[in-house]
């Protein structure tokens with residue numbers, strides 16, 4: 001049964017990811033990946049905090065949300081590829097800003113998600 005939850009979550013995450021990737025069209029800045037990864041970090045923190053109480057009795061829902069939805073939504077490999085592309089195109093300032101802000105804001109988003117999710121658990 002857990003595979004069904006992961007499958008459905010993955011389909012939803014992939015669809016959201018695809019829609020966000022349209023923000024990248026015609027732009028040097030990979031905004032879609034940036035938004036997807038920050039949103040995913042925030043939601044992972046929230047779900048992680050909520051799982052302490054809410055998902056104890058529903059572990060399949062947690063797997064569907066984390067492994068399925070957020071696994072398909074976020075993408076480390078695309079992020080790395082975009083960084084390499086920016087570097088190869090000699091966009092060194094954008095490369096640095098995108099890399100540094102993605103990591104710092106990703107950690108802060110996850111932290112904020114943990115704090116907010118913890119209030120509801």
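Note that Cβ sites are derived from N, Cα and C of the backbone, with glycine treated the same way.
Predicted, not measured: the structure shown is a model, and the values here were computed from it.
Over in Swiss-Prot, the protein carries these features:
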type     : residues : note
TRANSMEM : 3-23     : transmembrane segment
TRANSMEM : 29-49    : transmembrane segment
TRANSMEM : 67-87    : transmembrane segment
BINDING  : 71, 74   : Na(+) binding site
TRANSMEM : 92-112   : transmembrane segment
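Following the DSSP three-state reduction, the secondary structure of residue 74 (Na(+) binding site) is coil. Tertiary neighbourhood of the transmembrane segment (67-87): same-chain residues 5-14, 16-17, 28, 30, 33, 36-37, 39-41, 43-44, 47, 94-95, 98-99, 102, selected by CB-CB distance under 8 Å and a gap of 6+ residues from either end. Distant neighbours of the transmembrane segment (29-49): 16-17, 20-23, 55, 62, 65-66, 69-70, 73-75, 78-79, 82, 94, 98, 101-102, 105-107, 109-118, 120-121; these residues of the same chain sit at least 6 beyond its ends, with a Cβ under 8 Å from one of its Cβ atoms. Packing against the transmembrane segment (3-23) from elsewhere in the chain are residues 31-33, 35-36, 60-61, 63-65, 67-75: each is 6 or more residues past its ends and has a CB under 8 Å from a CB in it. Highest local Cβ density among the binding-site residues 71, 74 belongs to 74, counted as other Cβ atoms within 10 Å over all protein chains shown.
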